[in-house]
Amino acid sequence: MNSSQDTIYAQACENISDFQFDEKVAGVFNDMIRRSVPGYGQIIQTLGELAHKYVTPDSHVYDLGCSLGAATLSIRRKIGSRNCTIIAVDNSQSMIERCQENLGAYVSDTPVDLVCGDIRDIKIENASMVVLNFTMQFLAPNDRDALVNKIYKGLKPGGILVLSEKLNFEDSSVQSLLDDLHLDFKRANGYSELEISQKRSSLEHVMKPDTLAQHEMRLKAQGFTHFNLWFQCFNFASMVAIK
């Protein structure tokens, strides 16, 4: 999955627009996310392992907010021939086009239906696994309960939702510490202070992270009885909920 180096915010911008998953971002996304999200590679790898354990024959897998298809590829490699279909959805046409190229580079018996659309409009049915990999944080907070409810209803008994997100923390000291560690991570990966500052400004109005408690409360309120935080590095985490 090739990608150019992310230099989107390397030059000073007079007016910083809100972050969007356009052609410019799609072209550098693989580099951007791996230099910005600690543990991203581990999360992607483990999605495949979870799929191997939980995806059942003749079911659907949903990758909601699929971007370049990293999660879909990891899942497809691990589930083998189970007569399943993966439905990979993103609202960015640029992401979908590049995802199609990435998927085409690997031969598999598992078909992938690529959908350019709003995940809030997608029907979830006969699902054994649903993935929201750093997606929900970009949804309007008022839309999140309804999405989780739809996912829960569309999952088969024993099916899983894997939810990866940046987290907020109620304890301001913990928030400050983990923010600082994350900034150090980005600096160590070659981002300048200008890039970090401008990227933060672009995300300010479009990314609204929840706390871990908010995620757990939402999932259990919609019916999930089993919930676990299986991965965390700094203020980035991945959770699994089982129906």
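Every residue gets a Cβ built from N, Cα and C, even glycine.
Taken from Swiss-Prot, the feature S-adenosyl-L-methionine binding site covers Tyr40, Gly65, Cys66, Ser67, Asp90, Asn91, Asp118, Ile119, Asn133, Arg200.
Annotated features taken from Swiss-Prot, shown on the structure.
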| residue | record | Cβ neighbours (10 Å) |
| --- | --- | --- |
| Tyr40 | S-adenosyl-L-methionine binding site | 20 |
| Cys66 | S-adenosyl-L-methionine binding site | 28 |
| Asp90 | S-adenosyl-L-methionine binding site | 26 |
| Asp118 | S-adenosyl-L-methionine binding site | 12 |
| Asn133 | S-adenosyl-L-methionine binding site | 25 |
> What does DSSP say about Asp118 (S-adenosyl-L-methionine binding site): helix, strand or coil?
Replying inline: coil
> For S-adenosyl-L-methionine, with binders Tyr40, Gly65, Cys66, Ser67, Asp90, Asn91, Asp118, Ile119, Asn133, Arg200, what's the maximum Cα separation in whole Å?
Replying inline: 25
>> DSSP secondary structure for Tyr40 (S-adenosyl-L-methionine binding site), reduced to helix/strand/coil, please.
In response: helix
